[in-house]
Amino acid sequence: MAKVNAFSKKIGWIELITGPMFAGKTAELIRRLHRLEYADVKYLVFKPKIDTRSIRNIQSRTGTSLPSVEVESAPEILNYIMSNSFNDETKVIGIDEVQFFDDRICEVANILAENGFVVIISGLDKNFKGEPFGPIAKLFTYADKITKLTAICNECGAEATHSLRKIDGKHADYNDDIVKIGCQEFYSAVCRHHHKVPNRPYLNSNSEEFIKFFKNKKRNKNI
């Protein structure tokens, strides 16, 4: 007889685990899913095919891993669940590297939750520019529970909230491609102060003026 718990009551919800690179997002997703095994709760993990760092599994930088189903797009998750390959006893759906999906993943997550599934999602909150990555801003709205993790700044040791990209030792330009699959060869975690993106545009006409004004004000105080 199946154990009675929150997952057996057909009440769905969405959990979002997010933060910069090297914050332990995938490790936290794996931890939450792995503990379900002790309560005999069935789960299934999906990941986007574009993430080629590991094949047919999600893997944290601490070495933990879980098998996963690779999909090209968010709607394929629903197709798989409707197929004969799906175990009808599955209560929890895990989704890793969610930033690589488009906005349709939001609808998929909502549909799953509305139909009794617990959906646990992990992914980057910001791209290398410091802007919302893919569907993440909308997922913040839809999620019932949000866990925002931090890493350690490579420059000063403070809490890191941003992912910095460097190519051949130089900061990536704002106009570079958003997606560049890689790890420590391109990326590091940094705090807000040490996050630099050359040629970043400003929406407000007086933003650059304010930045120059404030820098001069600080410089004059130090004289």
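Counting begins at 1 with the first residue displayed.
Heads up, the Cβ atoms here are built off N, Cα and C, so glycines get one too.
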Binding-site annotation, Swiss-Prot, substrate: partner of Ile178, Val179, Lys180, Ile181, Gly182, Tyr187 in Phe101, Phe117, Phe128: Phe128
Secondary-structure category, per DSSP, in which Gly182 (substrate binding site) falls: coil
For the binding-site residues Lys25, Lys180, His194, the one whose C-beta sees the most other C-beta atoms within 10 angstroms: Lys25
Protein Cβ atoms within 10 Å of Phe128 (substrate binding site), excluding its own: 27
Zn(2+) site shell beyond Cys153, Cys156, Cys191, His194, criterion: Cβ within 8 Å of Cβ centroid: Asn154, Glu155, Gly157, Ala158, Ala160, Val190, Arg192, His193
Other residues, Cβ within 8 Å of Phe128, Ile178, Val179, Lys180, Ile181, Gly182, Tyr187 Cβ centroid (substrate site): Asn127, Arg165, Asp177, Phe186
Using Cα positions only, nearest of the binding-site residues to Lys180 (substrate binding site) (Gly19, Cys153, Cys156, Cys191, His194): Gly19
